[in-house]
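First up is the structure itself, then whatever we jot down about it.
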Amino acid sequence: MAFPFPLTVNPAGHLVIGGVDALELAEQFGTPLYVVDEQVVRDRCRRYREALEPVGGLAVYAAKAFWTGGMAQVVRSEGLGADVSSEAEWRLAMLAGLDASRLVLHGNNKSPAELRLAAEGGVGRIVVDSLWELDELERVAASSGARKVPVLLRLLPDIRAGAHGSIQTGHRHSKFGIPIEGGQAREAVRRCLGSARLDLRGYHVHIGSQILSLEPYRQAARVVAGFAIEMARQLDAPCYEVDMGGGLGVRYVAGDEPPAIEDLIGALAETLEGAFTAAGMEMPLLIVEPGRSIIAEAGVTLYRVGAIKRLAGGEIVCAVDGGMSDNPRVALYQARYTAVLARDPYGTPAEAVEIAGRLCESGDVLVDGAALPEVRPGDVVALLTTGAYHHSMASNYNGLPKPAVVTVREGQARLWVRRERFEDQYACDALVQTLGANRSL
Ligand SMILES: *Cc1c(COP(=O)(O)O)cnc(C)c1O
């Protein structure tokens, strides 16, 4: 059967992740279980860092893809910064010891409290998403007494890229960014230059996610450079930094062939350098914000199979003990995955099966037409490439607890996040808390 990338098996023929037998992980930690291969994460971080070294660039990991204490520590120890978009993501970064100067604050509707936290905390850059936010930030900065706040303006370049409509963020109908067209972005530059509180560092763009070709990146780099050069000429605006966002695709199913990290950085650096040099300007600091391409392929979700049935139409449905509560991406983006049987990943496929979740929605299907050897109740199924936008998007729908996260490295497994309990799920429920104090639940 066709895999998106090679898998490791042990002499017993079982799937191995980070040197640990997947069946043992399922046994020891229970299912559903998010497993993160730490070495894969570290390798990706290192590749970004090394690719950026020649141009002196900076990689900031997009926290929203997957953000736990363990992950934040890995990101810090690998020398990356982080892109955060809420108070909680910011606070976790600070707890893990990340330097505020390597943090980037994002969001299309940041609260005044978040702007203040970042401004007073010495944030590296705030990526301003609208003219409204520029005024908000001006007010916050004026009352906080913080030093000049470093600002990148998020530009809306009108480029369509990304695997699904819901993850395309650079086209003219997107809610993100300040439109170049119509003069709003120019107005934002003008206001920054006229402000005693804001320090315009440069520009940002993020065109989408799961992008499998370099052309949209080159196009975006040309648009950003073009705008920066125009603003330098017209308004004498400086451009010290260009942040090209994230979005590099990963391998979910056989045939997904994303560009290499090194080629992405090469294409960005070359396009920007070419444009700025031709205009007689210095090459700005290149920043990138990878999320998915760092964590997605490092993650595997293990599920236990329960009910198996054959429908009247002949299809076989295998239900697992998780579903859209731990993986909403199928319902959100029609995402496709590769599933393997943990006890025999390379086994000859039997009749194709539908792997369904256990939640009360007909759309709760993880893989339609999975090619697995004959599946039996009690089997462990592994879904590949689930590191990004799974744990961070998980819900408690149907009252399911969020799964545990285990990290594996060199044959050792460590618990990063324990499975939720009833008490965790209802910790904020006032009535439950009152009842719980009076009788045992
Ligand atoms: C989501 C996001 C990223 C990361 O995108 P990936 O596709 O996960 O690499 C980077 N920058 C911004 C502004 C984002 O919203």
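Numbering starts at 1 and runs along the chain as it is shown here.
Here the Cβ of each residue, glycine as well, is placed from N, Cα and C on the backbone.
TrEMBL labels come from automatic prediction, so no person has curated them.
If you look up TrEMBL, you'll see 34-387 marked as domain 'Orn/DAP/Arg decarboxylase 2 C-terminal'. The domain 'Orn/DAP/Arg decarboxylase 2 N-terminal' annotation in TrEMBL covers 41-296. Annotated N6-(pyridoxal phosphate)lysine per TrEMBL: Lys64, in sequence order. The pyridoxal 5'-phosphate binding site feature in TrEMBL is assigned to Gly247, Glu289, Pro290, Gly291, Arg292, Tyr389. Residues or ranges marked as substrate binding site in TrEMBL: Arg292, Arg329, Tyr333, Glu361, Tyr389.
Locations of recorded TrEMBL features on the structure.
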residue: Lys64; record: N6-(pyridoxal phosphate)lysine; Cβ neighbours (10 Å): 19
residue: Gly247; record: pyridoxal 5'-phosphate binding site; Cβ neighbours (10 Å): 31
residue: Glu289; record: pyridoxal 5'-phosphate binding site; Cβ neighbours (10 Å): 25
residue: Pro290; record: pyridoxal 5'-phosphate binding site; Cβ neighbours (10 Å): 26
residue: Gly291; record: pyridoxal 5'-phosphate binding site; Cβ neighbours (10 Å): 25
residue: Arg292; record: pyridoxal 5'-phosphate binding site; Cβ neighbours (10 Å): 24
residue: Arg329; record: substrate binding site; Cβ neighbours (10 Å): 20
residue: Tyr333; record: substrate binding site; Cβ neighbours (10 Å): 17
residue: Glu361; record: substrate binding site; Cβ neighbours (10 Å): 14
residue: Tyr389; record: pyridoxal 5'-phosphate binding site; Cβ neighbours (10 Å): 25
Residues Gly247, Glu289, Pro290, Gly291, Arg292, Tyr389 [recorded pyridoxal 5'-phosphate binders]: greatest CA to CA distance in Å: 15
8 Å Cβ shell about Gly247, Glu289, Pro290, Gly291, Arg292, Tyr389 centroid, pyridoxal 5'-phosphate site members excluded: Ala62, Ala65, Ser209, Gly246, Leu248, Ser293, Ile294, Ala388
Residues among the binding-site residues Pro290, Tyr333, Glu361 that border ligand 1 - Cβ under 6 angstroms, in sequence order: Pro290
From Gly247, Glu289, Gly291, Glu361, Tyr389: binding-site residues whose CA lies within 10 A of the residue listed as 'N6-(pyridoxal phosphate)lysine': Gly291, Tyr389
Top Cα neighbour of Tyr333 (substrate binding site) in the set of binding-site residues Glu289, Arg292, Tyr389: Tyr389
Among Arg292, Arg329, Tyr333, Glu361, Tyr389, the record's substrate binders - longest CA distance, Å: 27
Inter-residue C-alpha distance, Gly291 (pyridoxal 5'-phosphate binding site) and Glu361 (substrate binding site) (nearest angstrom): 29
Mean per-residue pLDDT computed across the domain 'Orn/DAP/Arg decarboxylase 2 N-terminal' (41-296): 96
